[in-house]
Amino acid sequence: MNKTRFRWDFWSGITLLSIAVFALFLIYPLFSLFLSAFQDPTTGSWSMANFAHFFERKYYYQSMINSFSVTTCVTLLACIIGTALAYFMTLYRIHGRSIVEICIVISLLSPPFIGAYSWILIGGRNGYITRFLAQYGIDFPSIYGFAGILLVLTLKLYPFIYLYVAGAMKNIDSALIEAAESLGCSGMRKVVTVILPLILPTLLAGALMVFMNAMADFGTPMLIGEGFNVMPVMIYSEFINEVGDQANFAAAMAAIMVLITSTIFMLQKYVVNRKSFTMSSLRPMQTGAMHGVKNVILHASIYFLVALSMIPQLVVIYTSFLNTSGSIFVDGYSLDSYRTIFESLGTAISNTYLFSTTAMLIIIFLGMTIAYLTTRKKSWLTEIIDTLSMFPYIIPGSVLGITLLLAFNEEPLLLSGTAIIIIISLVIRRLPYTLRSSSAILYQLSPSMEEASISLGASPLRTFFKITAVMMLPGVMSGAIISWITAINELSSSIILFTGATKTMSVAIYTEVIRASYGTAAALSTILTLTTITAMVLFFKISGRRDVTL
Amino acid sequence: MSVAIHIDNVIKRYGNLTIIPGLTEEVHNGEFFTLLGPSGCGKTTLLRMIAGFNSIESGEIRFNDQCINDLPAHRRNIGMVFQSYAIFPHLTVRENVEYGLKLRKIPRDEMKKKTDRILDVVQITEYQDRLPERLSGGQQQRVALARAIVIHPSVLLMDEPLSNLDAKLRIEMRSAIREVQKQVGITTIYVTHDQEEALSISDRIAVMKKGEIQQTARPHTIYTRPYNVFVATFIGHSNLFRGRITRTGSSAAVVFNDGWTLPMQGLSSEAADGQEVIIAVRPEEFSIQPAGQGITCQVHSQVFLGKYINYGLTFPSEMLVEGQAAIEYSQDLGHAEQILSVGDTVTLRPNPAKINVFSADGSHSLMEGVVRNE
């Protein structure tokens, strides 16, 4: 009688605003991309020619096979390493646990391509180890191609699995384990029949994140892939290829890629929904100690793994202080590289902070209000918003970049080349982190808190800002910092959207590496890494936690 | 200003599911009114409709003469105490209490006076600068009460406010709430599923089942003269026997199914000669008699409770209403001349002045003067 009547208030405004944002900057660009994928580049008529072109030439479809094989291998390897690490870190006493954990998070949040670039410095054709071994006539195996991508991406992405699975392990009530033991189940059997099934839904969620990240990664294969072409690189090079009108063909490839990622996404959702259950542990499992040789091996393996993941950061920091001469490092240390970047790339640094901070402010506002809409004001409209907000998970950065560029290249929506378009892409891509953490904390807040405020005479809007928002803030901020960290490290969409005036640090590092100015690249990377670490320390302070959930 | 509340044929639906199919009730000005019922009976739903957190599909709720159906919750001037207390964790005790006053733009010194007074009434003055997480359950409860009362609401609504407290604190808070309510004189609607709590605290109780009010009456009436079998068995325990009415001239009696006849007064004129009825006897309404002067049964269990002994009884099944978990006799130890043991055969006489007689379907009482709404 009166519930269904439409009331024009703040929340209906926010509902329309968020739908408008998603429609304008996500749906419309994506839709125009798909349309152009079905258009013949020369005649403009509808055709499947672009797709036929892709599947006819091995050069093209091989990239799809490559992407798929390397992504699958990375996902499997990351799952094995991450799960094993989480298992041992949860159940056994590890010396220096907190340092290990912090290193793991740092390697996860560092710029993606820094790994590739440092491994080239270490094991590339002119790398430290390669040269060192060459003195003794030993050939170091090539780090380029499939193996290199696998190494770099696995080391970068296993922390996802670790964080997810370690979280799930903490939620396993020790009573479950004791129940299994009381029934005569122990050792490996216990792991396989009780622990693994309990963490499986979480493991699958982590695996999806790894798969999506590995599939969409642009920087790593671009730097270290060499002849081993993968789809994001192929899309990028076809798109920026000025010869002929390749936009339609790139669009077709992007469409194929989105099709693959969304299929994987649905498949994972389907499996997880059938297997999902909730756990909350009253008494988490106790950590025990391992003894003797086993203990030494355990510690050695964990330290080795962490060292391996930290090497890229350390190499970068070290080389940033080396003297350079052209593209090669020479003896002696100085701050020359830093001097150079502040002279010639100062705007890239200020751009990075400006863009990502602006994006973060927008993300905080949208994240809080959309989270409130989708958890407290459920309706078919907010249901749509909830679904739309998941889209960025399945759209690779380079694809999003292309769609935005294609959609906003003409009057009246001429945004290409502006800072606005980069900020928009950051907001769309990084909103989910803040949104998820905001919804998570909202689910923990009892609605009666809001009702109490309303019953005392505060209007719903006032209640939101005075009570709900204040209590949401810790959750929102911890998500916002993750959004910000991933925004300053963003490469795959910015590389397509930037122009001279809107260059960011990530883009600058990439172009410096391509130009073989390793010194300046290292200095920029160091600044980025230190910023990331500072932000993370802030994150741990604000959230009062010792781990990150994504 | 406290108000009377008129609930006029209200309906609550969730999709196709009707939670409250049309409910009418009056709550008097200044009254302590309790909604009592098993979980899922719609009592909280009704409370939240009055508060404005649930929509009203049909019908009308009025505060005095003002219809509040379309008035948003924050303009209804209600005070609400929640089951989870809902104390704002980021505000101190004093700030929690002041929250509603600030919204009403009360001058500073008056606000301080009001807050001081209410903190004193609920006895939490010494904790006023603490954050809520450092308070015990009972103290949080007092903050919630103070916060709701200090704004001088038209109505005070309480949703199972004591259910999260331990037994001893519950009894203590019960009298505290009652005292504060009388002192301030606010119309109060209180929701609970605890019958002892309801009986001890209320001016009137409405017993609810499946979204309908079964009986509204003073606690004493609810217990001694229940309107139907549901109320008789939900509030306290009632043993239900099958029987019929006999009338000879001006005198009336109930006949149990074993043939024993108990003369009764106070049956309503509706109870006709030969009519099948349900006879409800509470465990304390029996007395032990010589054989032939009551109904005969066997003792199958005995539980010693200090002041009382509870006996579990076995009757021939044709004497009883089917589906009863237990037939009980509770013997007051102060007046017990004879202690029974398991296996004994005993003759018990129900007290005709106390017992209740209902129509055979259990839908209403056949006692004189018993009404659904007192």
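Placed from the backbone N, Cα and C atoms, the Cβ positions cover glycine too.
Annotated features in TrEMBL:
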- A:12-39: transmembrane segment (TRANSMEM)
- A:59-87: transmembrane segment (TRANSMEM)
- A:64-268: domain 'ABC transmembrane type-1' (DOMAIN)
- A:99-122: transmembrane segment (TRANSMEM)
- A:142-165: transmembrane segment (TRANSMEM)
- A:191-212: transmembrane segment (TRANSMEM)
- A:249-272: transmembrane segment (TRANSMEM)
- A:293-318: transmembrane segment (TRANSMEM)
- A:349-539: domain 'ABC transmembrane type-1' (DOMAIN)
- A:353-375: transmembrane segment (TRANSMEM)
- A:387-407: transmembrane segment (TRANSMEM)
- A:413-431: transmembrane segment (TRANSMEM)
- A:518-540: transmembrane segment (TRANSMEM)
### Task
Quickly jot the same-chain residues contacting the transmembrane segment (A:518-540) by Cβ under 8 Å, restricted to those at least six beyond its ends, or write none.
102, 105-106, 109-111, 114, 117, 121, 313, 316-317, 319-320, 322-324, 327-329, 336-338, 340-341, 345, 348-349, 352, 478, 481-482, 484-485, 488-489, 505-506, 508-509, 512, 546, 548
### Top Cβ-contact partner of the transmembrane segment (A:293-318) among A:12-39, A:59-87, A:99-122, A:142-165, A:353-375 (pairs under 8 Å)
A:99-122
### Query
So are the transmembrane segment (A:12-39) and the transmembrane segment (A:353-375) touching or not, going by 3+ C-beta pairs under 8 A with a sequence gap of 6 or more?
yes
### Task
Any chance you could find the range in A:59-87, A:142-165, A:191-212, A:249-272, A:353-375 with the most Cβ pairs under 8 Å to the transmembrane segment (A:99-122)?
A:142-165
### Message
Give the nonlocal contacts of the transmembrane segment (A:59-87) in its own chain as ranges (CB under 8 Å, at least six residues past its ends).
### Response
53, 104, 146, 149-150, 153-154, 157-162, 164-166, 169, 191, 195, 199, 203, 206-207, 210-211, 214-215, 221, 228-234, 253, 256-257, 260, 302, 305
### Query
Do any residues of this chain, six or more beyond the ends of the transmembrane segment (A:353-375), have a C-beta under 8 angstroms from a C-beta of it, and if so which?
11, 14-15, 18, 21, 382-383, 385-386, 389, 419, 422-423, 426-427, 430-431, 434-435, 437-439, 442-443, 464, 468-469, 472, 476-477, 479-480, 483-484, 487-488, 490, 502, 504
